[in-house]
2 protein chains.
Amino acid sequence: MKAVTIEQGDTGVTVREVPDPVVGPEDVLVRTLRVGIDGTDHEVIGGSHGGYPAGETYQILGHEAIGVVEDPNGSDLQQGQLVVPTVRRPPPDGGTNAYFDRGEPDMAPDGSYVERGIVGAHGFMSEYVATPAEFLVPVPDSFAEYGFLIEPISNIEKAIEHALATRSAFEWTPESAFVLGNGPLGLLAVAVLTQDAPMYDQFERGYCLGRRDRPDPTIEIIERLGATYVDSRETPVSAFKAAHEPADLIVEATGYAAHPFEAITALAPNGVAALLGIPDDWTIDLDAGRLHRELVLENKALVGSVNSNIPQFERARDSLTRMPEWFLDELVTGVFEPAAAPEAFADDTDAIKTVIEFDTV
Amino acid sequence: MKAVTIEQGDTGVTVREVPDPVVGPEDVLVRTLRVGIDGTDHEVIGGSHGGYPAGETYQILGHEAIGVVEDPNGSDLQQGQLVVPTVRRPPPDGGTNAYFDRGEPDMAPDGSYVERGIVGAHGFMSEYVATPAEFLVPVPDSFAEYGFLIEPISNIEKAIEHALATRSAFEWTPESAFVLGNGPLGLLAVAVLTQDAPMYDQFERGYCLGRRDRPDPTIEIIERLGATYVDSRETPVSAFKAAHEPADLIVEATGYAAHPFEAITALAPNGVAALLGIPDDWTIDLDAGRLHRELVLENKALVGSVNSNIPQFERARDSLTRMPEWFLDELVTGVFEPAAAPEAFADDTDAIKTVIEFDTV
């Protein structure tokens, strides 16, 4: 079958034939529809994140997928059901472990999981994917086009869930949310936070940080979602509070190493910053004393969050249902066929979210 | 009545006569038994923290008190009942506010409270104290000697409660706790974490950081409580994980500005550091990229915590009940009469916890 891969030693993607997936006794065979491209894929290609499957000279890329059940293979799923796969799997030779047993592979420490398309396992950018039914989330037929967004949304759902948990020991009455980053993950976070649903209704005012000049499609999206665009060149995170208001919740989706620490100052008393970015090493001068003091005297919290589990995928599916069609149409700026994957991965002029389409329903 | 004060312009404490407290219609009159001295008192004296009551040229010090009800003044309390006062009160002219109304003054932002003995209000180092019954926690008669420790313990209870809350969105199975600091607050944190009670039983192994040579009474206390002493000169926080084990919970009680950031590295995956210290400004080089990445990829959290509320005082009372008598005897190294307050505040040779005794039951 056709697949999009990174080959050892290469610095760009390859489109090639790979063996069809081996369908194990527990596996469902899924025909791939669409697979999104995100920053992690670029890190995998660049070698700063992830790693090849054991014994392989290449890795199939991709972890944001939607597909259709081709062969349920005895599972409860029906042929033709649309599904979104989760990303983490138990290590190949380790069987399972407590984190997977309790449905929280997202909390498994390094070494006790592999991640499809990221570390130690092939991804979803191939015509077919085999995976156990327990790692597949059924989604409505109407999700063929945009269901691949459920995986990145699920990471936001988890980060916000964990952020809210940090504030669960007291009566928190947040009003403002500030998303750092106007890339696809940041824009999805704005869409999650501005949706009309009980968990998010408390956030009455939303802000989103970027560094682009108007006119710009991401600024238009931010404003059409009802949030306020914050240009980091005029208003850096450290100046946000004075320029706008202290933020009760901050969602960091830039991977910019200074942002978690600048966020401490931008937070309102009792506020929390949820961190999603994965930066490289970068040593900077920080007023550790002031940050430490602000965290304590104002009861603030920082919480890191990676990956996501089935309930978070299900919440992401619900959030996606509530996202306006215009938003999804504006967000997904490029749809490429597999043969054009090299162009898709190079697509950065005015691109927001790019997706490879293997098939349609 | 006699009181221990800091006078504007002075750099040390004064023992002087002050007017008896005005007993308002809602106030209970309390005869003070003992008031502990802590680092915050020294910060108030030094001027780096807190502030004088409006219109006053002096401030009565002290916020760790135990007393006995002298006049219940129509409240449900009985004359002779031992009580511990909480610290925060509504601003003098602001009436009350939502934080006080819901019993969470500890979560009130700066400006919406005063703190007795710290900022904007007289403390408890005087023969009598007047305060509403809602700010008094009844304690058993056996607490006359050590009940003043309930206030600092309550701050630890709150910090741990908030730290556990940050981990409530998943199944956390902590085993190890690492307390930074072998001052009184650090030692009390070790005693809280090593007690035989359901909330703390999950922490099977305790560690406590200090920088003292053996033989040393704090090291003896740490080890007698069943914890492991960690000498920061041999094993800095950043080297703790390699030397011992990653810590599931860290409780920072040093006020050393680098510790929250070094703690990120010392934490186990899914771990949390609760911060209690209040440092001055101090700019240092930090590998912000690595810290940010570790927070995210290992689902770690930092949570600051200040002050405490009534349920946390009540939990502190329960924890104090479970602390061994030898520990309290070893912890409280100095009992001074009010006239000797200047010596009490200067008592730092081999002193662990110092207390001013105004009266006995």
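Even glycines carry a Cβ here, placed using N, Cα and C.
Annotated domain 'Alcohol dehydrogenase-like N-terminal' per TrEMBL: A:24-141, in sequence order.
Following the DSSP three-state reduction, the secondary structure of A:Glu151 (substrate binding site) is helix. Listed in sequence order, A:Gly36, A:His63, A:Glu64, A:Ala65, A:Val84, A:Thr86, A:Val87, A:Ser308, A:Phe313, A:Ala316 are the same-chain residues six or more apart from A:Glu151 (substrate binding site) with CB atoms under 8 A from its CB. Feature annotation from TrEMBL assigns substrate binding site to A:Thr40, A:Glu115, A:Glu151, A:Asn155, A:Asn307.
Beyond its flanks by at least six residues, the region 'Disordered' (A:86-105) meets 53-54, 63, 111-118, 120-121, 131, 135-137, 151, 307-311, 313 of its own chain at Cβ-Cβ distances under 8 Å. The feature region 'Disordered' is assigned by TrEMBL to A:86-105.
Positions annotated as domain 'Glucose dehydrogenase C-terminal' by TrEMBL: A:144-358.
According to TrEMBL, the feature NADP(+) binding site maps to A:Asn182, A:Gly183, A:Pro184, A:Leu185, A:Arg211, A:Arg212, A:Leu276, A:Gly277, A:Ile278, A:Ser305, A:Val306, A:Asn307. For A:Ile278 (NADP(+) binding site), the number of other Cβ atoms no farther than 10 Å from its own Cβ, over all displayed protein chains, is 20. Under DSSP, A:Ile278 (NADP(+) binding site) is assigned to coil, being neither helix nor strand in the three-state scheme.
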Rounded to a whole number of Å, the separation of the Cα atoms of A:Pro184 (NADP(+) binding site) and A:Asn307 (substrate binding site) comes to 16
For A:Glu115 (substrate binding site), the spatially nearest of the binding-site residues A:Asn182, A:Arg211, A:Leu276, A:Ile278, A:Val306, using Cα atoms, is A:Val306
One should report the C-alpha separation between A:Arg211 (NADP(+) binding site) and A:Asn307 (substrate binding site), rounded to whole angstrom, as 26
Quick note, binding-site residues A:Arg211, A:Ile278, A:Val306 vs chain B, Cβ pairs under 8 Å, ordered by sequence, gives A:Ile278, A:Val306
Simplified to three states, DSSP reports A:Glu115 (substrate binding site) as strand
Across the domain 'Alcohol dehydrogenase-like N-terminal' (A:24-141), DSSP yields 19 helix, 44 strand, 55 coil
